[in-house]
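Enquirer: Quick one: the structure is below, and I'll ask about it shortly.
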């Protein structure tokens, strides 16, 4: 039985960020900054409440008679109680022999084109730990993108405008960044386990390191770009946020309406149609919050029973990063054109170059992960390197086809004039290189 390290990490980030936010809000209050205090408390307490509801929903405690658990969640102590319960189950699992076990069947990763199916016994204690890990993974994602991401953006904006970074603010920003990166990492692992549910997935430590670096560069550069743009064009940032929000929020619903599928009723038996709609809207809101800052890795599909698309769409991944890179470049260009005196001692071209290189570095680590460290890379129909080679061949073929077109047209015109001037009996033999078709160029 695995040690519940993910549960411990989730609880640590939850407690550390909440404590740092409450301490910083008291500092803002003593300094007379009421607006910063209110926003700091909002981005701290709102995800706390959502985390409590998530844990209650996953464990189905709302329909069970557990008043103490409900009271602890109302006091915002639910994650601490759940963590204590997890470690009690873990340390007591080896002492008691379980009378009932369930059998799960998983397929191993293919070796030499063959994949074996293995059976594994899962006891009640291990099943409870799996449920707890799943609940805390979802809670970490909610805390990261509905609380930590806005909190990090807010505190960095305050630091830029005040031109001062205090110890409490830097501590909160560091914890918030770690929380966002951890939440994005859980999104990647969750996407892999959902898409390859039939297989036994084992993620290596180097894969975790690669995902951590990928997400760190991606999220850090995105937050800095948004803060820089907000500091000079406060009105237009609302337009950017609304465009991003409605684009990602409406996209799954548009696909659902176009598919003509019936409204999903099998999310939770105890939920009514109104409750199901609220849950779907909340999931869409979370999906939107993730994509505002980074690639979600999990594609929401409302017409699917699992609500998650199990197909890996490389096209969506490519389009997302192309559009996001162009958007970041445009926002940085606008910041460079309209920057104020607070950036007097900042080398603006160097900062723009560093941010663009940082985002490209994130894309590089993403490609390295999918090429070398993805646990299910053997199941891919094509790898990243093969796709890049095909794209390079097509690009070279297009360039070679375009270059001979101009001289061919001129030489054909000259040869036709020569035919008109010379007698019909005399014929000129064309050079073989002048009339190569597209297939010969491609084979060459």
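Glycine residues also receive a Cβ, built from the backbone N, Cα and C atoms like all the rest.
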Enquirer: Both residue 272 and residue 343 on the same side of the membrane in Swiss-Prot, yes or no?
Expert: yes
Enquirer: For the topological domain 'Extracellular' (193-208), what are the DSSP-based totals of helix, strand and coil residues?
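Expert: The counts are 7 helix, 1 strand, 8 coil.
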Enquirer: For the topological domain 'Extracellular' (339-349), what's the mean pLDDT in this predicted model?
Expert: 86
Enquirer: Using a threshold of three or more Cβ pairs below 8 Å, and leaving out pairs closer than 6 in sequence, do the transmembrane segment (141-161) and the transmembrane segment (3-23) count as in contact?
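Expert: Yes, these stretches are in contact.
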Enquirer: Sequence-remote contacts (6 or more beyond its ends) of the transmembrane segment (278-298), Cβ cut-off under 8 Å?
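Expert: Here the qualifying positions are 141-142, 145-146, 149, 180, 184, 187-188, 190-191, 194, 215, 218-219, 222-223, 241, 244-245, 248-249, 252-253, 264, 267-268, 271, 307-308, 317, 320-321, 366.
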